[in-house]
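First comes the structure, then the notes that go with it.
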Amino acid sequence: MAIVPALPRKLHGPSIWALYVIGLCPAVWSFYLGASGGLGINPVKEFEHLLGLWALRFIILTLAVTPLRDLLGINWIRYRRALGLLAFYYVLMHFSVWMLLDLGMDLNAVFADILKRPYITIGMVCLAALVPLAVTSNNYFIRRLGKLWIDMHHLIYPIALGGALHYFLAVKSVTTEPFIHIAAIALLLAYRPLRKPFLRWKKARKTVDSPQPAHR
Amino acid sequence: APLQAKPGPYKLDEKLTPKEAVTSYNNFYEFGTDKSDPSNNAGDFKPTPWTVKVDGLVGNPKEFGLEELMKMPIEDRTYRMRCVEGWSMVIPWIGFPLAALLDQVEPQGSAKYVSFETVVRPEEMPGQKGLFQPLPWPYVEGLRLDEARHPLAILAVGLYGETLPNQNGAPIRLVVPWKYGFKSIKSIVRISLTEKQPETTWKNSNAREYGFYSNVNPAVDHPRWSQATEQRIGEGGFFSTARRKTLPFNGYGDEVASLYSGMDLKANY
């Protein structure tokens, strides 16, 4: 059941690098617009918000890899590391722009906000939790940590939840854009507990359906 | 359209926010929730003809036509504007004291508050239709009668030497410069004098975050963000935001602080 045509094996590597390049385009383009006066009246806030939105989008794509394979048979697992790392880079840029450009490196204000504002506290915890995931995203740590690596990288679930909550708490009212992003994360997280029973059911159906050999 | 007014009594030695920013960076959810939505989506709005109904606890309830309102003693009033979201502007309004209008309708002794209501026209205001409505309509606001009578509180009919652009609350809006911007209700169709404290839209939406008074106060944080500083729109650039300290009552403390003497402003935020 192949919905999308399979990519020739020799293009797997280059396609991952292409994903990094394409994935960083929104940041580069928004930065260019901001620095050249094209992001409107309040360019720093706009840039900050765009980076945050893209961080959420890459978290959504990262979480979508598994259900896409289970439900539609599209195996894009080779892109998951790049998607996760792109999410991390965007969270890091989102934070840096807030600290450097928005608050102008006023560290008192930065720490006061992190401690006092729940949505900023949540955002900060998510960024901190992403650091070990990014550091251990390479093949060396995957081999080295084994089962622990898998457990550890399940941290992406609370991080995604935190990201959605951060967004929900930061807006004055939940309009279409926040709703769509938050709903996507909620759906993808809700799929996780359903996954095992679903796969069991799928496997059972396959065994029943598959034709028995006519002769032994 | 061009609008002439005589100089008003309040002077402000601060750089005006560029007109382009004043007319394209707006919160006016009736036209959408993005800052650029009002200027992009307000083109179909028809601010004329217009009437404002003034009723409630008054001796002389009355409907004012726009022509009549434009004959009020209008003058230039340059004020600071501080949004609850942490940004600010300096805007050259044209308007007349709200007290002048209230005098004409003769408030009764029992009137303690003034309530205001924005027009509802989904066919002209795209933010008022669709699946996700950020707020219930009409947008409503209110002031205590003594606040409403304060000479700083005006009904604005213009800015930058012209009649009000649609996105800024045409044809007539409130401006209360010592309170957060959302108190300065736009496109007013009704003003009522009441005995009870009126309903206000943002307080109904989230009472913990938006109080009835909503005086600009750097010492009382919004539950989700600090109010100690503000970003002056139109100043600074991409690599240097123009952050400044927020002043109590938005810098109008000398004029208005006495309205609140003896009140706990942390409890009455």
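Yeah, the Cβs are placed from backbone N, Cα and C, and that goes for glycine too.
Features reported for this protein in TrEMBL:
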type: TRANSMEM; residues: A:17-39; note: transmembrane segment
type: TRANSMEM; residues: A:51-71; note: transmembrane segment
type: DOMAIN; residues: A:51-162; note: domain 'Ferric oxidoreductase'
type: TRANSMEM; residues: A:83-101; note: transmembrane segment
type: TRANSMEM; residues: A:121-142; note: transmembrane segment
type: TRANSMEM; residues: A:154-172; note: transmembrane segment
type: TRANSMEM; residues: A:178-194; note: transmembrane segment
Within-chain partners of the transmembrane segment (A:83-101) [C-beta distance under 8 Å, separation at least 6 from its ends]: 19-20, 23-24, 27, 44, 47-48, 51-52, 54-55, 58-59, 61-62, 65, 110, 123-124, 126-127, 130-131, 133-134, 137, 156, 163
Distal contacts, the transmembrane segment (A:17-39) - CB-CB under 8 A, six or more residues away: 46-47, 50-51, 54, 58, 79, 82-83, 85-86, 89-90, 93
Of A:121-142, A:154-172, A:178-194, whichever stretch has the most CB pairs under 8 A to the transmembrane segment (A:51-71): A:178-194
Contact set, same chain, for the transmembrane segment (A:154-172): CB under 8 Å, 6 or more residues outside the stretch: 52, 55-56, 59-60, 62-63, 84, 91, 118-120, 122-123, 125-126, 129-130, 132-133, 178, 181-182, 185-186, 188-189, 192
Overall pLDDT for the domain 'Ferric oxidoreductase' (A:51-162), taken as the rounded mean: 95
